[in-house]
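Listed features, source Swiss-Prot:
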- GLU79: active site (ACT_SITE)
- HIS78, HIS82: Zn(2+) binding site (BINDING)
- 23-164: domain 'SprT-like' (DOMAIN)
Amino acid sequence: MNKARIPIALQQAVMRCLREKLQLARQHFSVEFPEPKILYQQRGTSAGTAWLQAWEIRLNPVLLMENQQPFIDEVVPHELAHLLVFRQFGRVPPHGNEWRWMMESVLQVSASRTHQFEIASVQSKTYPYRCGCQLHQLTVRRHNRVMRGESEYRCRQCGDKLKFFAGEPV
């Protein structure tokens with residue numbers, strides 16, 4: 001696998017944002033939250049994930065390199081908010097009222113559930129399948145399950161079994 005190398009200046013910008021937002025939370029709650037570990041291991045189209053028990057944030061290195069400051073301004077506080085909400089409120093819905101409040105009132109960032117970054121460079125290939133009414137795109141994982149005879153998929157509209165349409169992934 002080709003790993004994206006994150007320039008030290010970009011890693012420092014990530015940490016600067018993390019520490020600024022963490023300081024806002026510390027001041028607001030009068031609690032000394034530990035600094036979460038940052039890993040650049042997130043794959044696929046997700047910009048980042050918060051690992052609650054491990055107290056770590058995993059960031060997508062490709063999307064970070066392609067979007068830099070907008071990524072830092074949006075994704076780092078988003079994932080930090082998940083950790084802080086877990087620490088303060090326990091298990092609650094991931095983008096619920098507590099998370100929204102943490103983003104807007106404590107971290108002073110607008111609460112957005114999803115990123116709007118271009119994902120062409122990190123998007124998986126898909127395979128075309130047909131039913132009676134339309135063309136579907138199955139992921140590599142689902143396609144392989146069909147090929148091995150482990151799964152079959154049906155159209156939600158017409159109910160027909162999906163059939164592999166062509167040899168080339170899209």
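If you go along the chain as it appears here, the first residue is 1 and each next one adds 1.
Cβ from N, Cα, C; glycine included.
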Neighbourhood of HIS82 (Zn(2+) binding site), C-beta criterion under 8 angstroms, separation at least six: ALA50, LEU52, PRO94, TRP99
Under 8 Å by Cβ from GLU79 (active site), same chain, sequence gap 6 or more: GLY48, THR49, ALA50, ILE57, LEU59
All-chain count of other Cβ atoms within 10 Å of HIS78 (Zn(2+) binding site): 23
The domain 'SprT-like' (23-164), counted residue by residue under DSSP: helix, strand, coil: 54 helix, 25 strand, 63 coil
